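These come from Swiss-Prot:
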- Gly173, Asp174, Arg175, Gln176, Thr177, Gly178, Lys179, Ser180: ATP binding site (BINDING)
- Ser374: site 'Required for activity' (SITE)
Amino acid sequence: MAELTINADDVRIALNEFAASYEPGNAERVEVGRVTTAGDGIARVEGLPSVMANELLRFEDGTLGLAQNLDVREIGVIVLGDFTGIEEGQEVHRTGQVLSVPVGDAFLGRVVDPLGQPIDDLGEIKAETTRALELQAPGVTQRKSVHEPMQTGLKAIDAMIPIGRGQRQLIIGDRQTGKSAIAIDTIINQKANWASGDVTKQVRCIYVAIGQKASTIAAVRQTLEDNGALEYTTIVASPASDPAGFKYLAPYAGSAIGQHWMYGGKHVLIVFDDLSKQAEAYRAVSLLLRRPPGREAYPGDVFYLHSRLLERCAKLSDELGAGSMTGLPLIETKANDVSAYIPTNVISITDGQIFLQSDLFNANQRPAVDVGVSVSRVGGAAQVKSMKKVSGTLKLELAQYRDMQAFAMFASDLDAASRQQLTRGARLMELLKQGQYSPFPVENQVVSIWAGTNGYLDDVPVEDISRFETEFLEHLKHKSSILTTLAQTNVMDDDTAEALKTSIVAFKKGFFGEGDNLLVGAGHEEYAPIDEAQVDQEKIVKQKR
């Protein structure tokens, strides 16, 4: 047997070579939590000491959850999906990612859930990138003042409560008063801008449906498609059947999709329909997470819930691409009470509100905008010059009309000036009526309001105002270049006003028929004047007691 000899120098050299070439492996630490309780869309998980706020967690059946309450021993988790398969004792793993949604132009024309997954059976969506749901709003130095108009196509709003790109304008009112109709009309009115192909004019729209019936969301999608507006609109849907966690997240998902376009230098319009249901969903989630309740059982941070959402709507500075995101949050009131908790919160956050009155709606004044309570705090700077000129006195005249109308209910005899106010006010109110899904181009609005405020409709019967307006605009479209000039210049100068005056005087003669009595025409018979002696008159005598 050969003798084994060990040379110390060889051993030392071998050890040095091994030590020089040794690379330690990466040590991995896997945190595993366990479900302690689960139910009602909420799970409590113990373990996972390094979890982040708003981090995504994965349950055994693949369902995702959102870490919310980070307590000493356990975590309160909002389950994002079906929670029936989650049971006590199951393992929970970290993903190391915060909640984000895919974004990109491929989302236009699609219906997605709050996680960005398509639910319209039209196949997968190829996303450009992803964006976190909880994003910091642009800072003060990153913003620019609102100065570009966001036309709604509604005369009552564009004339008296103008909205600018980057503004947050609240639409508030009781149920069934036309809140969603105003928002959808505004989306439809962007069709001409989209068809122009000009990026500075185009507006990408996002409609966030929170807690609505699935049939209602399907009807909205069909309406947008029928009016050619779906191609530039994304619908983020969280119907009533969704868990409360999805309804809470849906507005943030819509904002993340919109911010991707805004930071790309594009213009975005986002509708939140409606934030009352989001607040109720957040209240349900917070109570299930055992957070202390406050006023009306809402958690203490319910104001922050809406403020951090709506502050993401902005007009960006030129250095950041000059993009914008305009927000139209909707709030439902009870019995026209705008002093409730959530309505007052959102009123204080937004740049103005459009208040819809149920009494006006029931009186067939639609859109049922209460001009006295509605206001736009920053949109006036974005109003086009021609509209600003013709609508300057409109709000005042309508306010005087409402006061005089209330007074006339108790007065038996009015002077000529008061009767004139009532006559013109009734015609202006009729002029502001507008059918659903029929937005007006701004030049048509300017002509209609100019005719009303300058008294050219005072001798037109109230029931004929709508027909007169339609036929006069059609007359201008084919017989004059006034509408084209207004659309190109957005200026109502003396020459344009004089041309309009000549056109409307000539048109009225044809509308009513020739003659001095303009009320004689179709549907109006001419009678001989009655002698005063033949009229039985009653005299009301008031005696002081």
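From the backbone N, Cα and C atoms, a Cβ is placed for every residue, glycine too.
Looking at Gly178 (ATP binding site) and Ser374 (site 'Required for activity'), their Cα atoms lie 15 Å from each other.
For Ser374 (site 'Required for activity'), the nearest neighbour among the listed binding-site residues (Gly173, Lys179, Ser180), judged by C-alpha distance, is Gly173.
Cβ contacts within 10 Å of Gly178 (ATP binding site), excluding its own Cβ and spanning all protein chains shown: 20. All chains included, 19 other C-beta atoms sit within 10 angstroms of the C-beta of Ser180 (ATP binding site). DSSP assigns Asp174 (ATP binding site) to coil in the three-state reduction, placing it in neither a helix nor a strand.
Of the listed recorded positions, namely Arg175, Thr177, Ser374, the sparsest CB environment within 10 A is found at Arg175.
Report note: the ATP site is defined by Gly173, Asp174, Arg175, Gln176, Thr177, Gly178, Lys179, Ser180, and the residues of the same chain whose CB lies within 8 Å of the CB centroid of those residues, excluding them, are Glu332, Leu356, Ser358, Phe361. Least packed by the Cβ count within 10 Å, out of the binding-site residues Gly173, Asp174, Gln176, Lys179, is Gln176.
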